[in-house]
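Novice: Below you will find the structure I want to go over with you.
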Amino acid sequence: MKLFEYQAKEAFREKGLPTPKGVLVRGMDELDGAFAEVGFPCVLKSQVLSGGRGKAGLIKVVKDAESAKATAKTLFESEHNVRMLLVEEAVDIDREIYLSITVDPVESKIMLIGCAEGGVEIEKLAATDPDKIVTVRVDIAEGLGGYHVNNLTYGMGLSGDLGKQVGAVVRGLYKTFRAYDAQLAEINPLFITKDGKAIAGDGKLIIDDNSVWRQPSYPLTRDYFDSEVEFEAAQEGIPYLQFNGDIALMCAGAGLTTTVFDLINDAGGHPATYVEFGGANYTKAVRTMELCLKTPSKVILVVTFGTIARADVMAQGLVEAIKAHQPKQPIVTCIRGTNEEEAFAILRDAGLEPLTNTEEAVQRAVDIAAGRA
């Protein structure tokens with residue numbers, strides 16, 4: 001679960017990390033109060049979960065109320081579905097530093113990551129100039145020690161008062177990481193002001209989905225989703241993604257769904273949805289189709305391969321979904337696996353042709369969407 005920047009910074013402040021003064025606004029009518037509290041110049045930061053906000057023009061520095069309101073209006077009306085802005089004081093910056101904490105899955109340890117250059121895309125820097133990145137691994141049972149922090153800051157070339165300040169930030173970031181069951185806690189950039197103070201300029205916090213139940217402060221809300229249907233799917237525990245294509249894809253299992261998604265694109269088609277009803281969701285065909293039908297499409301492609309999830313149960317669920325929602329689009333099916341012969345009979349009785357070759361099913365769906373079948 002990825003948190004918004006304002007939420008990450010709230011978590012940082014709870015653990016003693018310094019952040020710029022900021023006020024969250026959800027509409028134009030809240031701007032005057034925010035400007036009165038924060039002052040000018042200030043920064044308008046769009047609260048969206050996608051990365052690259054600066055490059056996308058979603059973070060703007062403003063110097064007065066008139067320009068700030070015009071800029072805020074543009075951001076709220078942008079194609080990026082901005083529903084919240086963080087109005088934050090502008091910081092007099094001398095330099096920027098990168099800090100993050102994540103998990104090393106190979107060594108099963110917590111990994112501290114630092115770079116003396118902040119505001120960077122760390123993945124690109126790792127590929128082009130890896131020597132600039134310093135990593136220190138921490139045994140979770142042992143916990144963070146002073147030598148871990150010193151190894152990181154010294155490795156970044158930081159010493160004296162600056163090294164101590166950055167070290168204190170590392171300790172606070174580690175506390176945040178552990179307290180929130182995080183997969184990633186990141187400050188990029190960490191501002192070093194001209195008077196020598198360290199301030200978290202940006203914040204990213206991703207909570208492990210398996211531990212969200214331990215974090216009641218962050219319930220699943222509409223704010224985290226671009227569309228109402230994605231929110232509904234998340235509430236049901238059904239993985240759902242929406243695209244601009246015309247082939248509604250219903251599959252069982254993440255691996256199969258991803259494979260079929262790629263096959264559709266390879267065949268010249270364009271998915272409208274990516275929906276999984278495998279695993280624990282394999283009896284949710286009725287609800288899955290209901291979600292699919294909320295996105296316009298020309299054809300519905302159903303591909304499953306059941307092992308523990310029985311093919312006949314999925315086929316029966318699909319037939320019930322068709323009876324319940326009576327979709328107008330043609331339906332292409334390829335349901336294989338445990339009890340597949342029974343599944344084929346169920347589909348034939350419902351007037352559906354059970355295909356047994358995934359590539360054939362994909363091609364037929366693509367042809368239907370293109371008007372060739």
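Cβ coordinates are placed from backbone N, Cα and C, and glycine is handled just like the others.
So Swiss-Prot lists these for the protein:
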- 9-249: domain 'ATP-grasp' (DOMAIN)
- 35-97: ATP binding site (BINDING)
- GLU186, ASN188: Mg(2+) binding site (BINDING)
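Quick one: how deep are these features, and who are their neighbours?
Specialist: Long-range Cβ contacts of PHE35 (ATP binding site) within its own chain (separation 6+, distance under 8 Å): CYS42, ALA65, ALA68, VAL87.
Cβ neighbour count for ASN188 (Mg(2+) binding site) (all protein chains, 10 Å cutoff from its Cβ): 21.
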Novice: With Cβ-Cβ distance below 8 Å and at least 6 positions apart along the chain, what are the contacts of ARG83 (ATP binding site)? List them in sequence order.
Specialist: ARG26, GLN47, PHE76, ASP223
Novice: Roughly how many angstrom lie between the C-alpha atoms of SER67 (ATP binding site) and ASN188 (Mg(2+) binding site)?
Specialist: 27
Novice: Counting Cβ neighbours within 10 Å across all chains shown, tell me which of the binding-site residues VAL43, GLY51, VAL91 comes out on top.
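Specialist: In terms of Cβ crowding, the pick is VAL43.
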Novice: In this predicted model, what is the average pLDDT of the domain 'ATP-grasp' (9-249)?
Specialist: 94
Novice: Around the C-beta of ILE59 (ATP binding site), how many further C-beta atoms are within 10 angstroms, looking at every protein chain?
Specialist: 18
